[in-house]
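J.: Before I ask anything, here is the structure I am working with.
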Ligand SMILES: O=C(CO)COP(=O)(O)O
């Protein structure tokens, strides 16, 4: 599955702890992240991650583009609700797209734990059905 990992600055510690604790699960998936989050995770865990731009420079939008193509299966976005962000519209747009495409989205570590455990148990396999259906509709299969 394609998993996006994003954390605002004050939540990066949470993200590093989270990805360290669950790296045995995450390593079996394709990981994507905004620039600085991806770097911190890679430095702490050695996990392979495709890094997009930093959030304020368009990284949220790049991840949003994958969501809009229904290519992203899970979004773990540990956001900071107490600090205003210069790219707030991008953040809102990404969250909105997750709702448009019914993408499991965690906006904090507690919800992230529920999603990652569900992923481990295979409870998100329905995403494969979405991919297969999409391929069929586009004539790729
Ligand atoms: O700002 C972000 C998400 O909105 C995160 O960006 P960075 O991972 O580059 O810090």
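Just so you know, glycine gets a Cβ as well, placed from its N, Cα and C.
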J.: Among 87, 131, which residue shares the substrate site with 8, 12, 34, 35, 36, 37, 54, 55 according to TrEMBL?
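T.: Given 8, 12, 34, 35, 36, 37, 54, 55 bind substrate in TrEMBL, the matching entry from 87, 131 is 87.
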J.: Of the residues named as substrate binders, 8, 12, 34, 35, 36, 37, 54, 55, 87, how far apart in Å are the Cα atoms of the most distant pair?
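T.: Of all Cα pairs among the recorded substrate binders, the widest measures 17 Å.
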J.: Summarise the model's confidence over the domain 'MGS-like' (1-141) as a mean pLDDT value.
T.: 97
J.: Take the C-alpha atoms of residue 87 (substrate binding site) and residue 60 (active site, proton donor/acceptor) and report the distance between them in angstrom, rounded.
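T.: With the alpha carbons as reference points, the distance is 9 Å.
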J.: Counting only residues 6+ apart in the same chain, whose Cβ is under 8 Å from the Cβ of residue 54 (substrate binding site)?
T.: 34, 35, 36
J.: List, in sequence order, the same-chain residues at least six positions removed whose CB sits under 8 Å from that of residue 8 (substrate binding site)?
T.: 55, 78, 79, 80, 83, 85
